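Notes to accompany the following structure.
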Amino acid sequence: MARIAYLGPEGTFTEAALRQITAAGLVPGQGADGVRPTPVDGTPAALDAVRDGAADYACVPIENSIDGSVTPTLDSLAIGSPLQVFAETTLDVAFSIVVKPGLSAADVRTLAAIGVAAAQVRQWVAANLAGAQLRPAYSNADAAQQVAEGRADAAVTSPLAAARWGLDTLADGVVDEPNARTRFVLVGPPAPPPARTGADRTSVVLRIDNAPGALLAALAEFGIRGIDLTRIESRPTRTGLGIYRFFADCVGHIDDEPVAEALKALHRRCADVRYLGSWPTGTPAGALPPSTEEAVRWLAAVRDGKPEPPGESRR
């Protein structure tokens with residue numbers, strides 16, 4: 001049975017994402033009944049549990065449409081022993097504002113929320129709970145637990161956590177931006193990636209020596225091969241001012257020849273390349289890598305002494 005660490009306690013959006021990944025059969029080698037969810041106190045703790053052998057996988061948020069990348073996840077993937085992404089899922093994120101049974105909005109003096117959640121409901125809170133003092137929480141479920149234990153009057157939380165703790169809902173489906181979505185990934189120790197599906201994502205972390213044009217040259221390895229680069233982001237290495245590593249996502253799989261060639265070129269060009277995985281996305285995240293089948297056939301013919309007749313077009 002696969003032990004999967006996630007940001008707890010029970011009732012977080014991460015738990016909901018884990019349920020979704022499990023139901024879709026995306027946990028390698030496991031069915032829906034072969035998973036044991038293991039709540040931990042934070043995203044870095046979930047990834048450390050995999051590194052330490054306390055969990056087989058971790059389910060962690062990596063990107064949301066409001067605030068962008070989840071930097072604790074990126075930083076934890078970039079340092080320490082290597083880890084690899086095997087699956088992803090996306091959740092529509094809308095929050096519940098909950099209180100203990102019997103309380104109304106007029107009774108709310110303190111509001112528990114994790115920082116990311118508070119940022120996504122700021123306008124609603126300003127309009128409806130303007131006088132409430134914010135109490136920090138380490139997860140959406142922890143915010144609900146604070147209300148259940150009497151440490152806060154209200155919480156910004158998930159519907160799952162509201163039900164888990166038996167709280168009343170002041171408002172449901174609360175979010176300042178109606179298209180708020182969060183992407184979660186399933187992370188484990190390095191292993192052969194899931195098979196190519198034709199709708200895949202590949203991710204790497206690049207360390208590039210500081211030289212004029214070095215970053216442009218590295219990114220050109222994607223462009224010259226017709227690979228759709230969907231994300232490029234820098235994060236400090238924490239070793240000195242102005243020293244950064246770069247995260248890059250592209251459409252395609254390591255078994256796609258253009259992607260494989262780009263990765264080999266990056267390995268030659270960069271000071272270090274950390275492969276974060278190739279995994280299915282369900283639907284293509286952008287333009288697919290160009291097919292190389294015709295070029296492979298042409299090269300094989302040339303090697304066999306059977307070149308294309310003069311003037312004959314490949315197209």
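Including glycine, each Cβ sits where the backbone N, Cα and C put it.
The shown structure was predicted, so the numbers you read here are calculated from the model rather than taken from an experiment.
Annotation comment: Swiss-Prot describes 3-189 as domain 'Prephenate dehydratase'.
Listed in sequence order, PHE13, ALA17, PRO61, GLU63, ASN64, SER65, THR90, LEU91, VAL93 are the same-chain residues at least 6 apart in sequence whose CB falls under 8 Å from the CB of THR182 (site 'Essential for activity'). Mapped onto three states, the DSSP output places THR182 (site 'Essential for activity') in strand. Per Swiss-Prot, site 'Essential for activity' is recorded for THR182, and the stated evidence type is similarity to another entry.
For 203-280, the entry in Swiss-Prot reads domain 'ACT', with the evidence type sequence analysis. Across the residues of the domain 'ACT' (203-280), the predicted structure has a mean pLDDT of 95.
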